[in-house]
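Trainee: For reference, the structure I am asking about is given below.
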Amino acid sequence: MVKLILVRHAESEWNPVGRYQGLLDPDLSERGKKQAKLLAQELSREHLDVIYSSPLKRTYLTALEIAEAKNLEVIKEDRIIEIDHGMWSGMLVEEVMEKYPEDFRRWVEEPHKVEFQGGESLASVYNRVKGFLEEVRKRHWNQTVVVVSHTVPMRAMYCALLGVDLSKFWSFGCDNASYSVIHMEERRNVILKLNITCHLGEFYVEAHKAI
């Protein structure tokens, strides 16, 4: 069995205003830095063998807090990077709703059919994270693996782990500095904890529903 701990990065400077980040690279907010420390404190109780992170700053800095508490290195992994939002990158949700109303509707209602103009499709994200998870299963059997990623690849990972269609993409909560625990067993994957945020206390902020 692999014990998989999926982590969403702590709050970035753009999260509170509802700005699509994609492959752009804002820093953690001051609240996000506090969230990352609280998350690291929470996970310090676990035995951890390896930590993977998306190479973007908001994920890597979150992963570093976890790694330093356990004296581990962080392995940067391109396959778990955020979706390329293309033309939406850097735009506020309200701006996207006004400029691309039909595309926004499709993203909220039919995400499995979306390919961002100048960017990436959800199917592409699914394929890359599924390949990564298959490699984790083979390489880290009988280990505990932390994966620090973003909302879109994490929701795609949940779909891959449970064998459900990408149309169910929005069915999984994914707040900043949350973590989930999944047992990757021989015949099935079992979600034991999903979107845990109780360690954040007063620094918890509910994620925007359309990002």
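Backbone N, Cα and C define each Cβ position, glycine as well.
Not my notes, these are from Swiss-Prot:
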- HIS9: active site, tele-phosphohistidine intermediate (ACT_SITE)
- HIS150: active site (ACT_SITE)
- ARG58: site 'Important for activity' (SITE)
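Give me the lay of the land around each of these features.
Mentor: Annotation for HIS9 (active site, tele-phosphohistidine intermediate): same-chain Cβ neighbours under 8 Å, separated by at least 6 residues, are LEU28, GLY32, SER54, LEU56, ARG58, THR59, LEU61, THR62, VAL148, SER149, HIS150, ASN176, ALA177.
Cβ neighbour count for HIS150 (active site) (all protein chains, 10 Å cutoff from its Cβ): 24.
Taken residue by residue with DSSP, ARG58 (site 'Important for activity') is part of a helix.
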Trainee: If you count Cβ atoms within 10 Å of the Cβ of ARG58 (site 'Important for activity'), leaving out that atom itself, what do you get?
Mentor: 30
Trainee: Tell me, by DSSP, whether HIS9 (active site, tele-phosphohistidine intermediate) is helix, strand or coil?
Mentor: coil
